[in-house]
Every structure is written in structure tokens, then in C-alpha cells.
Amino acid sequence: MADNIPLHPVWNNTNKNARYNAGRHHRYQVEDESSHLDEMPLMMSEEGFENDESDYHTLPRARVTQKKQGLGWFVLGGWKLLCTSCCDWLVNTCRRKKELKARTVWLGCPEKCEEKYPRNAIKNQKYNIFTFVPGVLYQQFKLFLNLYFLVVSCSQFVPALKIGYLYTYWAPLGFVVAVTMVREAVDEYRRYQRDKEMNSQMYSKLTVRGKVQVKSSDIQVGDLIIVEKNQRIPADMIFLRTSEKNGSCFIRTDQLDGETDWKLKIAVVCTQRLPALGDLFSINSYVYAQKPQLDIHSFEGNFTREDSDPPIHESLSIENTLWASTIVASGTVIGVVIYTGKETRSVLNTSNPKNKMGLLDLELNSLTKALFAAMVVLSVVMVALQGFVGPWFRNLFRFVLLFSYVIPISLRVNLDMGKAVYGWMIMKDENIPGTVVRTSTIPEELGRLVYLLTDKTGTLTQNEMVFKRLHLGTVSYGTDTMDEIQSHIIQSYAQGTSQSNGSSNTSTPSRKSQPAAPKVRKSVSSRIHEAVKAIALCHNVTPVYESRAGVNGETEYAEADQDFSDENRTYQASSPDEVALVQWTESVGLTLVNRDLTSMQLKTPGGQIFTFYILQIFPFTSESKRMGIIVREESTGDITFYMKGADVAMSSTVQYNDWLEEECGNMAREGLRTLVVAKKSLSEDQYQDFESRYSQAKLSIHDRALKVAAVVESLEREMELLCLTGVEDQLQADVRPTLELLRNAGIKIWMLTGDKLETATCIAKSSHLVSRSQDIHIFKPVLNRGEAHLELNAFRRKHDCAFVISGDSLEVCLKYYEHEFVELACQCPAVVCCRCSPTQKAQIVKLLQQHTGKRTCAIGDGGNDVSMIQAADCGIGIEGKEGKQASLAADFSIKQFKHIGRLLMVHGRNSYKRSAALGQFVMHRGLIISTMQAVFSSVFYFASVPLYQGFLMVGYATIYTMFPVFSLVLDQDVKPETALLYPELYKDLTKGRSLSFKTFLIWFLISVYQGGILMYGALLLFESEFVHVVSISFTALILTELLMVALTIRTWHWLMVFGEFLSLGCYVASLAFLNEYFDVAFIATPTFLWKVSVITVVSCLPLYILKYLRRKFSPPNYSKLTS
């Protein structure tokens, strides 16, 4: 299937590497070339790309010569370009969108700002006090259906066009508009209350006169704001000072990027060193910040202090920033505000909520347009048959009004009430407790979904890491054998202490003899000891001690830090995997009790404290895929380099072995996240040599990153492989069966996550998003158009494989090859996008909507998922650990991911099928009476006179037929259990066969047949008076409608039977009061009864016979399951 897409291999592999590397060394050339790629189709042959010169260099020349042709260029297409430019200029002038600029912010001096920056207020409201009424009315009357009712109702004020009573037109329309307005007003008020609560939060602002309390909405660029522990950061700030001794703090970013692990932030060194808070005003300093942008993972800026000699310059990066909507997790921080309000990263990454309209509503809207056209044609025919005599134009309009029942106003009322019933049913379902319907207008959308876009952390997973496996090459330990490891650790430290007591002065000789140790095969006990020690030291985890109740203030904090008791210790790190590893070492006896920037302390099972000095740390990056640490043990002076990382990165750095690759594969298949741990002992000379080269590389100006990496790489050779660890990110309950259910229902699942590529791939496997037999194609990182071109061609050759891409590469592909990329990705059984920003998530949803035209659903649980949820046709939020932000912004809120199965398969399916049946039946009810009107007018010399007047018409649309017709919202074709057992039934709905022009045409023909039989039958059988025609035809009409409801219903409910008899009872009872329309004496006669019975039987019996034959010879899918 993928072969149909015009993407061909670009050049063969022999030249690929040479050219690719050449491009790396001359990056500026590649960038120039990428601009020429505008001329290059994605369907070039291999030979075409081989001839490098012709393609890359003659095309731009051709473009230049074409531009020189003047008039020819203008005629050929230049006029289009000019028109587009003019339109763009007009739009930009009208909008006058303020351009975002870089800025210089003086500390504590908002008045020095060169420009006026936006207010720091949160605003989620759709309307204000002036736009509410016009806005809601516009949303209502932009639908053709409602606009048509409005025009018809207004026409009744013209005496010449008046046909019935005003209330018969205005009451239903007023009811629909009033209900909508009340609903919108309530929603708007709730949004206003939430915004007000956020904007009125109080913060301490530092001024020359001391601390002042300010509201969040009054904070300005340049203000110095103090944020306490567990308080929300109100605006984007640069981190200047903290109460923590080490000059750093942790923040929680779950509402910004969806990750629940804490991030370490570092204060600006110059301001952290100042003796007191007040000194921030005694120095003359400013921050230069880049212009506001979307990327939450990067920042470039400088801090300058002018009043020192020489001036101090510090470069600022992402680790010096505190973004708005994150929460301070440790200590008290002071920052200078650089971006406020609309310019903060969190607001830039949030899209405006749109008014969602269901696909069913749009389909009904197009059907009403078709009906309107048919009605106008019928009216013209009537006037033409009259011969266009007299005021024919007025007669034409009167005919349009007479046939206006073709589009019944009760359609809107019935459907809106039906939606309310579906919402109530969803919230009352005991199998999905806690489900909330927040948007009651789109329950049918749940039955039409083709794409499900899901977050990972907290949605598919619980974000709780559990250590599952330790493999030493010859022996493997699982959860049930961890006690053996514990006994080995206790034993080795007990031996260690006894030896050190016996020979306290022999530590130096033992160190000299150490290099000979690897030659002797180590015992399992010593290998376990070394592995556990490596895991306990190689990380960036910090133990945090919560101060006990009643203790506060900085001095008490310092004392609490020294209290190494286990019960009030928690671990914090930028990755939950690392916390799981350190918690595991604690469980087997080796506990991390303290850490600062220069040292860390471990406690043994015997209670001894060992101190290790941190000499160097090499943090984890997505390029290196590993982290390292060099430590010196205080007691022995040994220097050891520990390293851990992904098997791909580590396999080349460790000594030869025959088990690592195989065991990594085994663990990955179990859904475990693997880390390889290795070490290397360094002598003092080796370390000093490394340190001097490393310091030199860090000071170089050109290619600093490459030089630093080269120096570190010189250490990463022939390392001793210690162990392989396996950690499991526990999945939410029943994620695997739910994903399988959705896949069988024909729903394609895409996982969009802010997490790392390895983690995302691992979860995709363990959750069975990617089945065991499927290959995974990982899209290589691309930086420009040429690289994207190559990678897309490589991907095109793959068939039936899951697809994994990172946010950066996605950005490049969408910039140049949007259509081709989406077309290829849509053919994959599963897609995983990692390192996605909130905006990118929403962008992917919109792309799917534009390119496929199919219905999308987004599900997530964090603040970073809000944009995606609002952009999707149907947004589902999960109330989770990451707060309620997603569930409040969503259309439907659920408690667990597994509930989505029942929500779609049962409630979504029923809502769509019921609304489709209800909508068509209400239209049938209007069509049948319009057919009778047409027959009546044509028999009586094309007179534009109504057949039924006043209350008969109102009664027909309400009490006589409303209850049975509305009872269709209780109908179901299969039991909920069957719908869940056979998810393939859901697949049929996406084709939209329950409501289409075909089904509508069938109903249209039924209406014409029944309307014709009822009217002609009454005219044939009426005796002498016209009033008899009315009574016979109207009674037969009511009975026909009640019998048609019975014919349509598939599963009877006691309320349906009650509705049928109630309607019949109401009609019989009202006959006594309708003497102005009916001849009551005639109704009581047997003649009336047999005439009505004959007409009703003739109109309904053939349809019952046809239905029986259809079920016998061509039964629908669901009936095969229920029989």
C-alpha cells in the first residue's frame, strides 16, 4: 500500500555515508542545498540523485532565469504570488499582532523596561459581557437548520404569509436557543471563577522597602518574586537565589510537560553568593533574555553585573529558568520575571478551545439543505401548475411555508434532549464510575472514532517504577530472589568491617596490589557487592528529608537534613528510573543518606557511613544515552569511574562478553527498561591527566562539545561490565486488553509523549501497542531537508512496521514534506512520537484531521495534554496524579484508561445509532405530512391552503407522537456485553452507514408512499363532507406513526410500550375537545373505524413484510450475533 506514495530512494548506500558526513563538516553548505530542495520532487529516481551537479545546481539557476523574464513570469503565475502577498499584508495589518522581541530586564526595576509587556493574567473565557449574546447566537444560527427556522418564524409576522399561530413557530425555537444560552452561561461562569482564583493568588515581591504582597495578575517583567515551597510559579523567571545551601532547588513540571519526576534548577552563581537578600538592590545588574518562544526545553540568555570590576558575565541556560505553572518542590526561591501572561511558555503552548460540533450534526445539516432544495422545487412545481396566475410570488412563498414541515423544528429539540439522556446514561453507568460528561453536545462522536492519540505517562502507565531484574552474566536475580542479594551484601560488609578492624594500617598496601585483582575470578558475593555499590553511586538522585510537623524556618531545615532516619526520607531525581534503582539498593541494605554538589554518603546494613567525594559528573543526554560519575572513596582514597546507560551506547565501551546483547533483548521483550552498569578503577596519575585535558576542553571556544566528548570517550574504553538491570514502569490496570479491544474495533492508536525515545519504545512494547511480531522503525534524527528526504525514503520501503519519531525530526519533516509524511505514518499500525511539546501534540491532531478527514480522539492526564485534548474532535481527560487540568479541559473525564473501552464500544456506539434513527424518524414525520399537504393541494386546484390547522399540527409534533419517537433513545441492537465481546461491530460505524444519503432516501420513499396512501385513501373513502377527510386521514396518520416506531425498535423497553399507549390515550381523549376540527358524531360510527383501519393497514403492512424478508435473506451483522 505504501508503494503508491511517490517517495523514491534518493541515492544508493555507497555514496550515502560519504555525502552525509561531508554535509556534517560543512553544515552551511547543507543549509544552502536544502533551500534548493524546493525544486526537487520527492519522487526522483536513484540515477537522478546520483548526478549531483545537475540536480542541486542547475535548478536554482533555472529559477533565476525564469524570474528575469518579467511579463512572462507575471503571466505564468507571478500574479498569484503578488495577490497572496497583498492579502497577507492586509491580514497582518488588520490583526496587528505584536512582534515578540528579545529583552533586557533590570533586576527589581520594572520601570526601566523599554516596551510594554502583557498583563500576567490567566484568561480561559470564550466571551466577555459584550460578546456573549452575539457570540452564542452566531454559533446557533450559523447552522442552516436553525437559520431556516428563524426565517420561517419571522415570516409569520407578515399577514399575507401567515399560515398558523405564532406560538407554533416561536415556542420551539425560543426553547432551543434558551437552553443553549443557559448552558453556555453556566460554562462561561465556571471558567471565569477558575481564572479569578488563579489570578488572585498572592505572592511576595521584593522591593527596596522590603517584602510586599502582590496578586499574581499584577506581577510585571523585572519584578523580584519570592516563591515558597509547594507554591505555583506565577510567571517565567530566571532563578537568582534559594534558601537551599547548595544553590539549587527542585521543581515539579507535571502541568507543563507531563513528566512527574522533579527537575533540578541552579541559581545564578553571582546572585546566590550575595550575603543577604537586600543586596540584590545594591548591585547594578540585568538579564538579557531571548524572545519568547514555544520550546519549553531550551533557553538562551546572559546575566551581567555592571558595577563590579571587571563586569561579571554569566551565560544562562534552561537550568537557570523557572517556567510559569511549575511548582517549587524544595526550599524557597527568588527569581526575576522575564515573561508574563500571553508570553509565558505555558500559555504559548496552550491552544484556544474551539466550539466542537459532532459529525452527525454536520451530516443532518447537509440533509436539511437537500430537503430545503426539494421543498423549493416542489413549491415551484405547484405554482407552475397553477399557471403563475395572480400574485404567484406570494403563493410560492406560502407553499414554501406549507411544506416547511419537511424540516421539522422538533428535530433540534429531540436531538438535544437525546444528547442529554446519553450523557446521563454515561454518568450513571456503574461499570465506569466517576465518568463525567463535560460537553453534552458530542456523545455521538464517541461512536465514530478512527484515531486515538494517547499520552504515555500517567495515561498508559502509572509512572511508578519497580526494580525487577539484576543480571550478572552467569546468574540472574528476580523479585522473588532479592533476599539472596541482601544476605550477600550484609555478609560482604560484615567481612569488610572485621578485616578493617584486624588490619587498620594495611590499607595502603592493599591499594597497590589492587590492579592484579581482575585476573582472579571473583566470587558471586563480591560481584553482587560491586554491582550494588555501583548502582548506589552512579546517579543524580538527592535524598530529601521532610521537616516534621511544627518545624519550620531555615535553621531547623539544616538540622533536619542531618537526621538520617528512614521514615522521613524521600528521593528526588530528574528520572523516576534512577529513584527506583536507589530505592532498590536501600531495600537490599545499601542506603544513600546524603548528597550535595561535592560528596555523597552511603549507609551500610551495619549502620556505618561511607563518604564518597564526587570528582566529576557526566550527565545523561539523548545523544550519548549514558551517564557517568568519577568518585573518590574517603576511607581508601580509591578513584573509580562508574558508568551506566542504554545497551546500544554501552556495548562498545565494555570488555568483550557473550551475554549482554541476548539478555538485553530478553528483558526488553518482557517490557523492562534496561540499563548496563560498568566501572573502571583509575590511578591518581590517570585521573590527574584526565582532569587537565577535560578542563582544557571545557574552556575551548570552538567545537567545545566535540572536544569534551572526545576527552570523556578516552576514559570509556575496556570498562569492566558489572551488571544489567531491568526496571518496569507499571502499566495502568487492563491497558493491554483495552488497547487490543480498540485495535480490533479498527481504531488506530498513536502515542504522543514528552518522554525519551527509549522509554517510549519500551512502553509501546510492554503495553502491546506494538505487537510482538511487528518490527519497529526508528526515524533517525534529521536536521535539514536533505536528511529528512533520505529518511523518508528509507521508511517508505518498510511494510507493516510500527513507527517511532522524535519531536525535533517531526518538526523538520512537517516543514518540508507534510503531506508525504502524514500519508506514510497513517499506514502504520502504530505510531510513537517522543519528546513532543504540547503544541506539537495539538499540531499532530490537526494534521490527522486535515489529511484524513477522519474523527480523532485525544486522551491524557496532564496540563501538557490540554492543547491536544482541545484540538481533537473528542477529548478525554483522566483524573490522575498530575492533577485535574486535563480532565477539566476535556469533553469527557474518566478515572482510568480501561474505562475508554466501554465508553466507546457501548455508549459511543449506542449514542450514534440512536441519534441516527431518531434524526431520520423525526424527518420522516415531517416528510409524511408534507406529502399529504402536496396531494391535498394538487387535488384542490393547487390552493395554498393548510390541510391541518392550529392545534392539530402542534399536537402531531408533540403529545401525539413525541413519546414513542423519543423512546428511540432507549433502543439498542445488541447487549453491552456483546458489543464489548465483538469490537468489530464498532468498525461498521466509522463508515457512517446508519445515517447516509442512502438510508435517508429509503426513509424519503417510505414517507412519500405512506403520505400518498393516507391522503388518497381518505379522499377516496370520504363521503360528503371535507371534515371527514381530515378526521380519517389524521387518525390514520397518528396510528401509522405509532406502528412505524414499533417497526423501527429492535429491543423493547417498558418505557417504549408506555410511550406508545400514552400517546394513543392522549389522542383518543383529545377527540372530545377537537369538535372544531372533527365531526365527533362521525368518529363514533363503525364506518369511521373500518375506513381508518384499511388505510393504516395498506400504509404499514407492506413495510412489515419487507422488513421480515430483509431479516430473513440479508440480516445485518448485529442480528447474526443476537439470534
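Sequential numbering from 1, following the chain as shown.
Just so it is clear, glycine is given a Cβ too, placed from its N, Cα and C backbone atoms.
The compositional bias 'Low complexity' annotation in TrEMBL covers 495-508.
Summed and averaged per residue, pLDDT over the domain 'P-type ATPase N-terminal' (113-170) gives 84. The domain 'P-type ATPase N-terminal' annotation in TrEMBL covers 113-170.
Per TrEMBL, the feature domain 'P-type ATPase A' maps to 210-345.
Under the heading domain 'P-type ATPase C-terminal', TrEMBL lists 888-1115.
Residues or ranges marked as region 'Disordered' in TrEMBL: 494-523.
Annotation comment: TrEMBL describes 167-186 (among others) as transmembrane segment.
Taken from TrEMBL, the feature transmembrane segment applies to 370-390 (among others). Within its own chain, the transmembrane segment (370-390) is flanked in space by residues 144, 148, 396, 399-400, 403-404, 406-407, 923, 927, 930, 934, 937-938, 942, 944, 997, 1000, which lie at least six positions past its ends and keep a Cβ under 8 Å from the stretch.
Using a Cβ-Cβ cut-off under 8 Å and counting only residues 6 or more beyond its ends in the same chain, the transmembrane segment (396-415) has close neighbours at 145-146, 148-149, 152, 155, 161, 163, 169, 172-173, 175-176, 361, 364, 368, 371-372, 374-376, 378-380, 382-383, 915, 918-919, 922-923, 925-927, 929-930, 933-934, 937, 944, 946, 953, 957-958, 962, 965-966. Per TrEMBL, the feature transmembrane segment maps to 396-415 (among others).
According to TrEMBL, the feature transmembrane segment maps to 922-944 (among others). Outside the transmembrane segment (922-944) by six or more residues, the chain places 367, 371, 375, 378, 382-383, 385-386, 395, 398-399, 402-403, 405-408, 410-411, 414-415, 956-957, 961, 965, 1000, 1003-1004, 1006-1008, 1010-1012, 1014-1016, 1019, 1033, 1037, 1040-1041, 1044 with a CB less than 8 A from a CB of the stretch.
Look at TrEMBL and you will find 950-970 (among others) tagged as transmembrane segment. The list of residues near the transmembrane segment (950-970) in space but at least 6 beyond its ends in sequence, with Cβ under 8 angstroms from a Cβ of it, reads 164-165, 167-168, 405, 408-410, 414, 417-418, 421-422, 914, 917-918, 921-922, 925, 929, 1030, 1034, 1037-1038, 1041-1042, 1045-1046, 1048-1049, 1053, 1055-1056, 1058-1060, 1062-1063, 1066-1067, 1070, 1074, 1077.
Positions annotated as transmembrane segment by TrEMBL: 1000-1020 (among others). Among residues of the same chain six or more beyond the transmembrane segment (1000-1020), those with a C-beta under 8 A of the stretch's C-beta atoms are 367, 370, 920-921, 923-924, 927-932, 934-936, 939, 1029, 1032-1033, 1036-1037, 1040, 1044, 1091, 1094-1095, 1098-1100, 1102-1103.
According to TrEMBL, the feature transmembrane segment maps to 1026-1047 (among others).
Residues or ranges marked as transmembrane segment by TrEMBL: 1054-1074 (among others).
Under the heading transmembrane segment, TrEMBL lists 1080-1106 (among others). Outside the transmembrane segment (1080-1106), and at least 6 residues removed from its termini, the chain residues within Cβ reach (under 8 Å) are 1006, 1009-1010, 1013-1014, 1017-1018, 1021, 1027-1028, 1031-1033, 1035-1036, 1039-1040, 1043-1044, 1047, 1071-1072.
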